[in-house]
């Protein structure tokens, strides 16, 4: 009986100790956003493998190419966060991360792009027509070009959309001069939904620490 009690107490100690450790290592808020464990804004909190950055009260995610994306929301229970798509530069059809060739994640870190993102590509070269992407006249991207101010510079360019699924790379949304030069993304887009109901963002997920 004493052995059983000791085992139960040891189990409780390990469980409670883990939660206390996580709570103790949680980073402070960045602006209005809580920074849950294991995300880390500082060497003294969180897990350094899950690095994010707090710049003047704005929480940001840094790509492998060094481009910063604003973090819009975090769902720690689902191990997910949503970053803002890079703006398309005014009067052009080039995303602001064009020089970085779009979003690239470090494959050695525990983050990847989830399968809940519908990506729209703009100003594409003709070879994209050989891909399985939807480049038809009823593609979602047409609504963006004609109804959203940010998309005006891409009007009448070749555009396509696709659902980021598990068959595609989970570490990149690529743009480049010989492909497409701009993109945006929506999270959990419903088929047939109107542009004024879209939720802009790129959902990332992380593998929880061992």
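Positions of Cβ are set from backbone N, Cα and C atoms, glycine also.
Copied over from TrEMBL:
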type: SIGNAL; residues: 1-23; note: signal peptide
type: DOMAIN; residues: 27-83; note: domain 'Wall-associated receptor kinase galacturonan-binding'
Three-state composition of the domain 'Wall-associated receptor kinase galacturonan-binding' (27-83), taking helix and strand from DSSP: 6 helix, 31 strand, 20 coil
Integer average pLDDT (0 to 100) for the domain 'Wall-associated receptor kinase galacturonan-binding' (27-83): 97
